[in-house]
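Here is the structure we will look at.
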Amino acid sequence: MEHFDAVMEDIGFGRVHLFATLTLGLLQMLTIQETMGMGIIGPAAVCDLRMNEAQLASLTAAGFMGIICSSYFWGYITDKKGRRWTLLRTITISNLCSVASMFTVTFTGFFVMRFITCIFVAGPSFVAATYLSEFCSHRIMVRSITHLYMFTGFAMISCPAWATLFLSSGLIEFEEELMGSLTLRPWRVLGCLYILPGVVAFLLLLFLPESPKFLLMIGETKRGLDTMEWISRKNTGRTLSEDQVKRLLTYQEHVQVKRRKEHQNFFRSMLDDAMPLVRKPYGGYFTCVCMVMFVLGLLTHGLGIWYTAMRNRCNMRQGNTNGMTFCGVLFVPETGPFIETESDLDVVCSDSFKGFNDSFILGFVYVLLYNISWASLFCVHKKVMFVFSLVASSTFGFLLIFSTNQMLQLFSLVFLIAFPGIIIGLLGGSLLVFVPTYLRGKALCISLMWCRCGAAFGAMLVGSKIQYNCELFLLAISILPLIAACMEGYLPL
């Protein structure tokens, strides 16, 4: 491993890394918009698809469930076929399925198509980080992955920006009958626009080569050396030296022996390839990473997907809210649950929101915290950042329960969601450093699969249960970061 790192250190950070970060960052935006974007699309589609409260909650979790079901499969494929190979195919199919899902006319059809869409969104959701890590030396890997996940913040800004234009500005209002019961309305067009980062990323990805580490690992010596030559020319303007070529060949000799022979049984091969992750020296650390990822996903995505709906409900609250807690504003008796049940639907549908200013705040906070996290990696130990972020998240969760100040409620909810989101990137980057190349794709996909499990569980739980005992629910949510912080000694940080 040190031979490859030495060559990467000689080449240094440059144009290739910036271009790869931009391209793969757009894929991170695609993942967020296809999953978290349902927190905007879902409530806007309630009337057209005649959804009740339980159906809306399950719809928000459909994308996460699709990612959960296919994550390990794509991890296996990307370690067999290649990072770029997997990305090009999953992006194409996910974009086509996403557009198709926006033209369904029933809840069942929409749910199934969102599930299928996110089966393929699972590819970009974790392969992007794996791909980028293999263009980096160990010294800059975690910082590079942190910058990649910063595009989560950009997605959190772009989602409400497009939604403002289509759902709350009043500038774009239309209702066109296409065929049968299919009506073209703003939310359908908005859902189609959410694939734009994926379309742009696909075009940019055509100009990037396959991962050099992967090529050397599978014995593609010429292609691997050509890729490293290309990186060197782009970053330094020079070709590889003879010493650098020798180091790369030595690296290849070391990693190539770790490739397993193909089994005749496909599923047995998938299982056997994952076994090293649950054995020494990786088993204990990896298990703990998955447990922490579940908690982080529940907080960041499971609670976060309802952020826009909750803040929109707070902003639409009539009357005097002074002296009221967050739960009081949302769920006093005359307010009722998030969404009216099917029997209470109006004949004329309205998919408008009262602005997305609070959603913009969440996006900007994400970008700010990712940059602070990146800068802190130069001088602060990762364990300190991990514990501080989770304790801060828990503290803001407790404040959210008792605070009666509207601005403090807003930022308490923002930081309760955002701090765990930062840790996902930090922990994912550390995991990529910890495991070898031949296990990297599978390790990251399984850990993020547990993150999506937490997200799906949290999305359904928040959507269907929080209104019945809001304060107790928030108390339980706020304790979870403290439990995760207690595991820091068992993590590869």
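Each Cβ is built from the backbone N, Cα and C atoms, and glycine gets one as well.
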386-404, 443-461 - the one TrEMBL records as transmembrane segment: 386-404
For the transmembrane segment (386-404), sequence-distant contacts whose Cβ falls under 8 Å of one of its Cβ atoms, 6 or more beyond its ends: 299, 322-327, 411-413, 415-416, 419-420, 422-423, 426-427, 471, 474-475, 477-482, 484-485, 488, 491, 493
Contact check, the transmembrane segment (111-133) vs the transmembrane segment (285-307), 3+ Cβ pairs under 8 Å, seq sep 6+: no
Tertiary contacts of the transmembrane segment (145-167) (same chain, 6+ residues out, Cβ under 8 Å): 21, 24-26, 28-29, 31-33, 36-37, 40, 44, 128-129, 132-133, 186-187, 189-190, 193-194, 197, 308, 351-353, 355-356, 359-360, 362-371, 373-374, 377, 421-422, 424-426, 428-429, 432
Per-region confidence, the domain 'Major facilitator superfamily (MFS) profile' (20-493) (mean pLDDT, whole number): 81
Long-range neighbours of the transmembrane segment (472-491), counting only residues six or more past its ends (CB under 8 A): 284-285, 288-289, 291-292, 295-296, 298-299, 303, 326-327, 383, 386-387, 390-391, 393-394, 397-398, 400-401, 416, 419-420, 427, 430, 462, 465-466
